[in-house]
Amino acid sequence: GYFLAGRSMHFIPVGASLFASNIGSGHFIGLTGSGASSGIAVAGFEISAIHWLMVLGWLFVPIYMKAEVFTMPQYIKMRYGGERIRVYLTCLALMLSIFTKISVDLYSGAIFLQQALNWNLYASVIALILLAAFFTVGGGLTAVIWTDFIQTVIMVVSAFILMIISFVRVGGIQQIRNLFPYALAYTTLHNITECGVPNENYFSLIRPFDADLPWFGILFGNGVASIWYWSCDQVIVQRTLAAKNLSHARAGCLVAGILKFLPLFLMVFPGMIARILFPDEIGCSDPDVCYQVCHSRNGCNDIAYPLLVLRLMPNAIRGLTLACMIAALMSSLTSIFNSSSTIFTIDIWQRFRRNAHDWELMIVGRVFVMILVGISILWIPIIRAAQGARLFDYIQAVQSFLAPPVAACYLLGVLWKRINEEGAFWGLISGLFIGIVRFIWEYSYTAMPCQLEHLDKRPSVVRFNFLYFSVLLFIISGIVTIVISLLTKPIPEKYISGLTISDLDNPEKAIEIPTRPGCMHKANTYYDEEQPYHFENSSSYHIDQPSTETERKALHFFQTGDSTGIAFYLKTAFAWICGLEKTDELDGQSICSDSHSHGNINNRRSITSIRDEHVSSWHKECSYAAIIILALCAFVWTFFTDFRIRLN
């Protein structure tokens, strides 16, 4: 119930939570800033995400639900066996959560608060992150999803108000198209270089040969990262697994897909308007002038949204917009905190505490949230020093360096039974090595301001566009995975029944791949079936009798004390911290008895059969709706592409 909301969520809160978990203050700051810098091409990331939401709902979610998993590393454990891939992905997911999600959201939120209210940077961030942690610790995924739903409404309404005010002020979309190429700073007008001049294809989503945002790179390079983000990342997939059945999960993906059309109008166009209205600040090209405006020598694109709020919004609505930004920040943080604590508790803690009680898992999950809070606060100075002129590009680049091997591992795993543990592991390792080398190489050089680009000493391999690099890394990882899998023994059929898309309707349930105790370095754990192996159940968590003195003392605490003394209040408070609202659940015998533990397992909601879902009318309606949404995507791509400018 805490980690998957009891698998009882309807499609509307699931879809809203998918959108809110994705859209944070990093999008408000980053998308608006990129729109102010080069036009609408950055919205291609958001439009292409709709395609991958459909892939999530129609390819990956049915497999995950049939496997009845809590986390993505659990599925990897069932699909490939062994422990080393699962541990690798768990640690990578936690690192990506801290260094590309929490840190980016915190820093972008800090930019807004600093510009809007002149608050102390660290005091405001600490206050917001503690509030977000309180929401997560208090109620688990149910609280996170419902606060996501409410905050999505706040975000969209306030952003709509700002969009309308901005469009009225500038005169509509046609005026944006007419005025944007002339939104130049005073220093740019007196400069013989092209620094500070907008991209000539500023009003085109499709730019095939653009140096910064090539369309083929967005479609394929970002597509690789999107497979990881939308279909393999715990934060996103956990929302769909919380749906009451497969149809509600797919409908939630459709709702999120419809909402993904909004950032073009709510963020990118307002960013272009900000440059038109405030060209000397947003469009500054002189490093000294930029530093005076926003304390950055590489440009001030990222202050576009705060400037719109401060200078266009009426006083009363300005507070609503501030609430919108805080909601966006809290929404992303609560989602990441909850999902990361789930991964740590289920995939790491239970490796060392196989017989852990339910209340122990609850405590560990919530303590880990507090640890994430501490690491995130310590990371603020680092992300502040590393932030470049366009925050959204930083987000996409980091994902392009680290995500492609994981995307290859999952995609090949669900498409082809022949892929085995050895191939997947070495594909991940080879991709990680190449990605880390490029990542370190990329950020070991300081980005030069536009006017000093002639002094740029970076080698050509570092200047190679990160979107194309993502495709290359995906291909290399996939080739390594396939070749090694074909050179080694396949996984026997009985161990992977129903775990690939071609075997989805197989009524047989996969048998867990046996592993030798401590076989982190062993890959071929499922071939020698004559040897007695230890079976580790990854989807059921049994509660045994207390075996240590610490457990017996904890049990004694719950069994003692009258209903009016101090022990009663301590017991009640501890029950709330553990997420066990009923104090009678804390009775010692009920916690530790075998009958109660089996009852707990039996009471967990079982997944609706995939075969039953395929014959439901909802399934057909969702599929038709998906086709309509994809057709609408094609229309948007075409409508917002200037073919005349592109062909010239």
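Each Cβ is built from the backbone N, Cα and C atoms, and glycine gets one as well.
For reference, TrEMBL has these:
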- 40-64: transmembrane segment (TRANSMEM)
- 85-102: transmembrane segment (TRANSMEM)
- 122-146: transmembrane segment (TRANSMEM)
- 153-172: transmembrane segment (TRANSMEM)
- 213-230: transmembrane segment (TRANSMEM)
- 251-278: transmembrane segment (TRANSMEM)
- 316-338: transmembrane segment (TRANSMEM)
- 359-382: transmembrane segment (TRANSMEM)
- 394-416: transmembrane segment (TRANSMEM)
- 423-441: transmembrane segment (TRANSMEM)
- 466-487: transmembrane segment (TRANSMEM)
- 622-640: transmembrane segment (TRANSMEM)
- Item | Beyond the flanks of the transmembrane segment (251-278) by at least 6 residues, Cβ under 8 Å | 9, 11-19, 22-23, 27-28, 31-37, 39-40, 42-43, 46-47, 49-50, 53-54, 56-57, 61, 152, 156, 159-160, 162-163, 166-167, 169-170, 173, 176, 179-180, 183, 198, 202, 239-240, 243, 301, 304-305, 307-308, 311-312, 618, 622, 625-626, 629, 632, 636, 640
- Where, among 85-102, 153-172, 423-441, 622-640, do we find the most CB pairs under 8 A to the transmembrane segment (359-382)? 85-102
- Item | Contact ranking winner - 40-64, 213-230, 466-487 against the transmembrane segment (423-441), Cβ under 8 Å | 466-487
- Task: Establish whether the number of Cβ pairs under 8 Å between the transmembrane segment (622-640) and the transmembrane segment (213-230) reaches at least three, counting only pairs separated by 6 or more residues.
- Result: no
- Note on the structure: For the transmembrane segment (40-64), the distant same-chain contacts (Cβ-Cβ under 8 Å, at least six residues beyond its ends) come to 18, 22, 31, 34, 75, 199, 201-207, 210, 212-213, 215, 218-219, 222-223, 226-227, 229-232, 236-237, 240-241, 246, 249-250, 252-254, 256-257, 260-261, 263-264, 268-269, 272, 392, 396, 410, 414, 498-501, 504, 610, 613, 622-623, 626, 629-630, 633, 636-637, 640
- Message: Let me spell it out: take the transmembrane segment (394-416), skip the flanking residues so only those 6+ beyond its ends count, and list any with a Cβ under 8 Å from a Cβ in it.
- Response: 26, 30, 45, 59-60, 63, 72, 76, 79-80, 85, 89, 92, 96, 99-100, 104, 221-222, 224-225, 227-229, 231-232, 386-388, 424, 427-428, 430-432, 435-436, 438-439, 442, 466-467, 469-471, 473-474, 477-478, 481-482, 499-502
- Task: Determine which residues of the chain contact the transmembrane segment (85-102) at the Cβ level, with the cut-off under 8 Å and only residues 6 or more beyond its ends counted.
- Result: 72-74, 76-77, 233-235, 332-333, 336, 339-340, 343-344, 347-348, 372, 375-376, 379, 395, 398-399, 402-403, 406, 409, 421, 424-425, 428, 432, 520
